[in-house]
Amino acid sequence: MDINVAQLFQTINLNVIMPEVILSVLGMALLLVNVFVPSKSKGYLAWLSLIGIVGAGFAAVTGWGTTVSSFSDSVVLDNFAIFFKIIFLLAAGLAVLISDQYMSREECNHGELYPIILFTTVGMMLMAAATDLMTIFLGLELMSISLYVLAGFNRDSIKSNEAGMKYFLLGAFSTGFLLYGMALIYGVTGTTRVAKIASLVTQVGGASNTMLLIGMFLMLTGFLFKIAAAPFHMWTPDVYEGAPTPMTAFMSAGPKAAGFAAMLRLLLVAFPAMIADWSDLLWILAVLTMTVGNFTALRQDNIKRMLAYSSIAHAGYCLVGFASGTATGTSGILFYMLSYTFMNIGAFAVIVLVGKKGEPNGTVMDYAGLGHKRPLLALAMTVFMFSLAGMPPTAGFIGKFYLFSGAVQAGYIWLAIIGVLNSAASVYYYLRVIVYMYFKPGEEEFDWFNVTAPVALALVVSAAGSLIPGIIPSMILQFAQQAVKLI
């Protein structure tokens, strides 16, 4: 590694990682508060976490328009990192809002939940800001280890325990690929700095250097697992179904965005000279991921498994924009990840409300009659389903438009057509939920419990985030385009 300890301390600028510092300190403080201030209700921890998340958000946005590095150029604060940090903080905030009601109902509202969410967010933010392979790995491991705990957080649920174990075993396996790839790249180039790797790629032979090529593909394998791209998606349905629903919501949005953030910075900064090699691989994986995700989702009755396969398909849409290598496609990924955070977590918030203790109401059929019994809740779910399907005038439509436009600009017209066809196929299973809500009578009377204020706030924010960017996309697109220019 290119790190000299004396130089490292001279280059430390805590303002660059102030959001991470805020959440880290708060997370450790909440762990202590949870131990020394016992309380049956953990709601106060949720609100303290939200305050910290908002504070971290303010600390992040104040750096917009600047590019400052720290820790001997291991991390950077730029528009790209800030954009993704906002996505992570939104995902964390929404997950916290929908967690207390669910965890209290399931009698697993342990106080450690909220600090672990904060630590996961710190790991994701490090991945977006990292400009060194080892910093990327540090952020990824902090995120992953925290996610393993969140997946198995309901200790009384066999499915939750199984989800945590599966995620841990397969995640550790994928991390091995990632780390071995980094080792090969370091062995070939002699550096772990992303920018320096770019300047050395041509010197060491580029794609003609077998070790460099293998190292790049091994790293990609690790990231593709994190974003749940086929054929590295097999863990997703079981983990999403077994994990506590608020944690599934968080896992489906934040880590996926973190994986794309690290991939974008790594491939576009370190390996632009090898774009022909990784672009060909990505469009193949994009087609496979979209198709596997959508056509498997068509057969699902369990709504969490349906959204799990849907999540795989959405990773495929983003890979379309990635494979294009264009500014339009890349900014489309940023826009889409932000929109996806709102619409997907919003859908899971509705699942939290419809479910009962033990989650027996996990099928699409259980939503029959919801439009008559809880019209506002059904309306919110309709917005989320339309946005996930990419129907105008939602944010999902605009996001897919820019992803596929990037492919067309790069000459991948056929790839854009495949993307549109896959998106059309997905309409079936999203509309199926809406049909059951409005046109199928409920077979039994459910004792719908009240919607608490935090969950209601999460639903309102998610619905607004799913609609407003679709109606007025220019502002967010402008921010996304500014973020992409700096990588």
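Any Cβ shown, glycine's included, is placed from N, Cα and C.
With a threshold of 8 Å between CB atoms, the same-chain residues lying at least 6 positions outside the transmembrane segment (16-36) that come near it are 42, 45, 48-49, 52-53, 55-57, 59-60, 63, 68-71, 75-77, 85, 89, 111-112, 114-116, 118-119, 121-122, 125-126, 129. Summarising the annotation, Swiss-Prot assigns transmembrane segment to 16-36 (among others).
The feature transmembrane segment is assigned by Swiss-Prot to 45-65 (among others), with sequence analysis given as support.
Sequence annotations record features per position, and here Swiss-Prot assigns transmembrane segment to 79-99 (among others) based on sequence analysis.
Residues or ranges marked as transmembrane segment by Swiss-Prot on the basis of sequence analysis: 111-131 (among others). Long-range neighbours of the transmembrane segment (111-131) within the same chain, counting only residues 6 or more positions beyond its ends whose Cβ lies under 8 Å from a Cβ of the stretch, are 16-17, 19-20, 23-24, 26-28, 30-31, 33-34, 42, 45-46, 48-49, 52-53, 56, 69, 73-77, 80-81, 84-85, 88-89, 91-92, 95-96, 99, 103, 138-144, 146-147, 149-150, 153, 193-195, 250, 254-255, 257-259, 261-262, 265, 269.
Remote same-chain partners of the transmembrane segment (133-153), defined as residues 6 or more beyond its termini with a Cβ less than 8 Å from a stretch Cβ, comprise 1, 71, 74-75, 108, 110, 112-113, 116-117, 119-120, 122-127, 160-161, 163-165, 167-168, 171, 175, 178-179, 182, 185-186, 192-194, 222, 226, 239, 242-244, 247, 250-251, 255, 258, 262, 266. Sequence annotations record features per position, and here Swiss-Prot assigns transmembrane segment to 133-153 (among others) based on sequence analysis.
Taken from Swiss-Prot, the feature transmembrane segment applies to 212-232 (among others). If one looks beyond the transmembrane segment (212-232) by at least 6 residues along the same chain, the residues whose Cβ comes under 8 Å of a Cβ in the stretch are 140, 144, 170-171, 174-175, 177-185, 187-189, 201, 204-206, 255-256, 258-260, 262-263, 266-267, 271, 274, 277-278, 281, 285, 288-289, 292-293, 311-312, 315-316, 318-319.
Per Swiss-Prot, transmembrane segment is recorded for 257-276 (among others). Long-range neighbours of the transmembrane segment (257-276) within the same chain, counting only residues 6 or more positions beyond its ends whose Cβ lies under 8 Å from a Cβ of the stretch, are 80-81, 84, 87-88, 91, 123-124, 127-128, 130-131, 136, 139-140, 143, 194-195, 197-198, 201-202, 206-207, 213, 216, 219-220, 223-224, 226-227, 318, 322, 325, 330, 333, 337, 340-341, 487.
Marked as transmembrane segment by Swiss-Prot on the basis of sequence analysis: 281-298 (among others). Listed as Cβ neighbours of the transmembrane segment (281-298) (distance under 8 Å, sequence separation of 6 or more from its ends, same chain) are residues 217, 220, 224, 229-231, 233, 306, 309-317, 319-320, 322-323, 412, 415, 418-419, 422, 425-426, 428-429.
Annotation comment: Swiss-Prot describes 306-326 (among others) as transmembrane segment, evidence class sequence analysis. Counting only same-chain residues 6+ beyond the ends of the transmembrane segment (306-326), those with a CB under 8 A from a CB of the stretch are 227-230, 233, 236-237, 239-241, 248, 252, 256, 260, 263-264, 267, 275, 279, 282-283, 285-294, 296-297, 300, 332-333, 336-337, 340, 344, 347-348, 364, 388, 399-400, 402-404, 406-407, 409-410, 412, 415-416, 419, 422-423, 426, 429-430.
Residues annotated as transmembrane segment in Swiss-Prot, with sequence analysis given as evidence: 333-353 (among others). Using a Cβ-Cβ cut-off under 8 Å and counting only residues 6 or more beyond its ends in the same chain, the transmembrane segment (333-353) has close neighbours at 83-84, 86-87, 90-91, 94-95, 97-98, 101-102, 245-246, 248-250, 252-254, 256-257, 260, 264, 303-304, 307, 311, 314, 317-318, 321-322, 362, 377, 380-381, 383-385, 387-388, 394-396, 398-400, 402-403, 448-449, 451, 455, 458-459, 461-466, 469-470, 473, 476-477, 480, 483-484.
Residues or ranges marked as transmembrane segment in Swiss-Prot: 378-398 (among others).
Residues 90, 94, 97-98, 331, 335, 338-339, 341-343, 345-346, 349-350, 377, 380, 383-384, 387, 392-398, 402, 451 of the same chain sit 6 or more residues outside the transmembrane segment (457-477) yet have a Cβ under 8 Å from a Cβ within it. As annotated by Swiss-Prot, transmembrane segment applies to 457-477 (among others).
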Should the transmembrane segment (79-99) and the transmembrane segment (378-398) be scored as in contact, given a threshold of at least 3 Cβ pairs under 8 Å and pairs 6 or more apart? no
